[in-house]
């Protein structure tokens, strides 16, 4: 196999996505920028007036910012987990999804913690967290875990990009901006795809893939502990950490399926992202939905059965004030994906994507139901019982900044897939090289 | 979840509520005008309480009650009540008091107050409301004997004992103590919200005695206030006496010093060790990865140089 020729073919195949910005792309980017600008205005309003412009008050101190944080960070950790597994076990179909997963991992880990900053009332005191950290506080653990994980994910993502940067650097026919070529040259780190370099890179990528699986579990466990180590009704649970990990994986697989569908459709990558990939991802989603349903049932059943006064009060709130949200999050969000994915004949690309959308929406509402109703049912009755103090209602500022987070995620994703091919070219070459070696090793069948 | 865009609706609703509530007030005023005094009867009660400092509290409760609907009770507010000590049709004014919003008028007479007594030793008291435009005059009288209550809290053979003595004084100049023959008495311990009864019994031959329970915690310092109370007695009315003593079982046990608290300056040692090992392991791997990247770069550079040569 002529490797250089194959590299040129692949660059030629993926170059349109890197070279041209179609009108559709420009409109898409324009819309995202517009949403971000509105969000920036909302941020200024919040910065000038303080948290009074949000729905958060003395009682409900955490609103949809923290829900978005948990949601994005959950997606990131599940992405890291899945990506690590794909690399470590050299899954045959990893080339089709690994870059999507890696980009989702890093971008959601960048966007998620920004919501924490929006949630902090006194940003001017943020540096105190680093100047006077309390090691015994789960918040400090979470900060350390997120920062360590972010660095790890960046390194890991970069490792998987290096061979592709080298391919793009070496291709003279690629018509991209000068700065982009210069960037490829710098980022490729003189990688020449020699056996020694390749083996070294594979070795460290493999180690990092294990590292980020462990980090994802540790970091999301720590995030779950922020809730479960308090005595609040609805939070104080021993199964919260595994429950969070399963929930994160459930939403993460959902977002990956949605992204796979959008990218396949937009870049016409039907050859690479095939139905078999959707079915495989769908089965993972089915397993996750079953596990998530099991954990959710165990969690609420134990609370209901124990008849603890505050838990009963919380369940009353969930089944009355948040009835439809509860039904969507914990019934529709679990049962609909199970029904679609369980029966073979329902497993089409569109229905699997639909199941993923339902799962993601259900998961976001599930996070909402974990955070807000608990804060609305505190242990001690509050003195001033104005409705706005007891009950949480998100304002336009919070919605706008939440949409900005999603828009920023989509914008960065769009820009990154304009910088590197969404299907790793080096992965395809490695796969073909391995296949060739494998075929050589096979004894030739005797011909009669 | 609703947005702030609803604020205007909120303001409109608020104004509407204000308007309607004003209408409500107007309706109430109309109802007030419709108040028919003939439908109500006067409930006028008079009581005497001899307090622990030997002062006497005279209390009148003055309300009007709907003749048909007994739950419909309205206190009479700011009605002036005249309190008299009566002897042989002669009324001696003790003082006056106005009824409160709850319809209660109170007059406290000091322990040094001299009363005119009848031949049987009773103090005859009258509380009178002289009447107003809407309400007829009202009057209530009662007769009480002056009872002296002594409360003694003693430790007898290490047993905490409550001894209550009740007596009257003879009318002659000798003022000899005459023990009370029989009366029901209740002993309480003063609480934050209400008094807790600890013993009910009868005074016989002027004495009531019992062992103070050992399971009363008292306040933070173990102090208790013991109250002896004779209630609604036919001859003596209400008589109370109280005393303060350190008889509570509450002991301040020093709080065991908890090493790890929310406000501890440092975390437990194991936490530092675990965190350090974890972080060192992870960051060492990062450094190892970056070191390998530099090696890749270096190898590539040497290949480039070789190709150029």
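The backbone N, Cα and C atoms fix where each Cβ goes, and this holds for glycine too.
Feature annotations, courtesy of TrEMBL:
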TRANSMEM  A:27-48  transmembrane segment
TRANSMEM  A:60-88  transmembrane segment
TRANSMEM  A:100-123  transmembrane segment
TRANSMEM  A:143-168  transmembrane segment
TRANSMEM  A:208-228  transmembrane segment
TRANSMEM  A:240-264  transmembrane segment
TRANSMEM  A:276-297  transmembrane segment
TRANSMEM  A:322-343  transmembrane segment
TRANSMEM  A:352-372  transmembrane segment
TRANSMEM  A:406-431  transmembrane segment
Exercise for review: Would you kindly check A:60-88, A:100-123, A:143-168, A:406-431 and say which stretch has the most C-beta pairs under 8 angstroms to the transmembrane segment (A:27-48)?
Suggested key: A:406-431
Revision key, fill the gap. Counting only residues at least 6 beyond its ends, the same-chain positions whose CB falls under 8 A of a CB in the transmembrane segment (A:352-372) are 60, 62-64, 66-67, 70-71, 74, 227, 234-235, 247, 250-251, 253-255, 257-258, 261, 278-279, 281-282, 285, 289, 296, 318, 322, 325-326, 328-330, 332-334, 336-337, 340-341, 392
Point to revise | the transmembrane segment (A:406-431) in contact with the transmembrane segment (A:208-228), cutoff 8 A, at least 3 CB pairs, sep 6+ | key: no
Revision key, fill the gap. Between the transmembrane segment (A:100-123) and the stretches A:143-168, A:208-228, A:240-264, A:276-297, A:322-343, the largest tally of CB pairs under 8 Å belongs to A:143-168
